[in-house]
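Visitor: Per TrEMBL, the features are:
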type	residues	note
DOMAIN	37-150	domain 'Pyridoxamine 5'-phosphate oxidase N-terminal'
BINDING	Arg59, Thr60, Leu61, Ala62, Ile63, Lys64, Arg80, Lys81, Gln103, Gln138, Ser139, Trp180, Arg190	FMN binding site
DOMAIN	167-207	domain 'Pyridoxine 5'-phosphate oxidase dimerisation C-terminal'
Amino acid sequence: MAVTLSGDPTLVLPEFDSPPREPLALLRAWFAAAEQRGVREPWAATLATADEDGTPSTRTLAIKGIDERGLVFGSFTGSRKGRELAARPRASLTFYWRETLQQVTVAGPVETLPDDASDALFHDRPPLAQATTAASRQSEPLVSEAELRAAAAALAAGGPIARPADWTGYRVVAERIELWYGSTDRLHRRLQYTLIDGTWTAQRLQP
């Protein structure tokens, strides 16, 4: 069965012909443009990690922002991804924007954020999300959905919620970034940045 790409193949993206020296500012510009162009979930990413044996696992999560070193998200340290990041603190993130035929991949080492940054990240979440997070023990067996919902509702009604001690912020430190733009003729455009000894190098890759 033939599979065709959908999306807008007419975007003007001069960065492929004249790459800027620093990719994180370009990455922020791509996300801002994705929001303006109506991409439905621009910050939804697939996070790939691996356990001690090298067995990979993936899941979709929401990235909370881009700072001066990489991309930030939050999770429980006892979740599967938390355990795998403790064992092998490297990861890859992939974003795919169907509406615009764009893909972004960011890979590198992963570090935990300090308590103050993790607190700010947690309390930036909507109140109901804070309550649900505090009531849950992510990746542990679920005994009763009704009891979990009741616990979350009780927390939501009880005022300010403290960040759970086992919930933390993570940063994927960008060491490799690839920007991809699809083409209906399959000559997709690829631009890869690699951080070597503190300096970014950019190169075009064949499709």
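Glycine is treated like the rest: Cβ placed from N, Cα and C.
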Visitor: Which bits of the chain, at least 6 residues beyond where the domain 'Pyridoxine 5'-phosphate oxidase dimerisation C-terminal' (167-207) starts or stops, bring a Cβ under 8 A of a Cβ in it?
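Guide: Answer is 4-5, 7, 9, 11, 13, 15-16, 19, 21-24, 26-27, 30, 64, 67, 69-77, 82, 85, 91-93, 101-113, 117-118, 121-122, 133-134.
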Visitor: Out of Leu61, Ile63, which of these binding-site residues shows the lowest number of other CB atoms within 10 Å of its CB?
Guide: Leu61
Visitor: Where DSSP helix means H, G or I and strand means E or B, what are the helix, strand and coil counts for the domain 'Pyridoxamine 5'-phosphate oxidase N-terminal' (37-150)?
Guide: 35 helix, 42 strand, 37 coil
Visitor: Give me the DSSP three-state residue breakdown of the domain 'Pyridoxine 5'-phosphate oxidase dimerisation C-terminal' (167-207), ordered helix, strand, coil.
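Guide: Taking each residue of the domain 'Pyridoxine 5'-phosphate oxidase dimerisation C-terminal' (167-207) in turn, the totals are 0 helix, 28 strand, 13 coil.
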Visitor: State the mean pLDDT for the domain 'Pyridoxamine 5'-phosphate oxidase N-terminal' (37-150).
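Guide: That stretch averages a pLDDT of 95.
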Visitor: Sequence gap of 6 or more, Cβ distance under 8 Å: name the residues on the same chain that satisfy this around Ser139 (FMN binding site), in order along the sequence.
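Guide: Phe76, Gly78, Ser79, Arg80 - these are the non-local Cβ neighbours of Ser139 (FMN binding site), listed in sequence order.
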Visitor: Looking only at Arg59, Thr60, Leu61, Ala62, Ile63, Lys64, Arg80, Lys81, Gln103, Gln138, Ser139, Trp180, Arg190, which the record lists for FMN, tell me the maximum pairwise CA distance in angstrom.
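Guide: Greatest Cα-Cα span of the listed binding residues: 36 Å.
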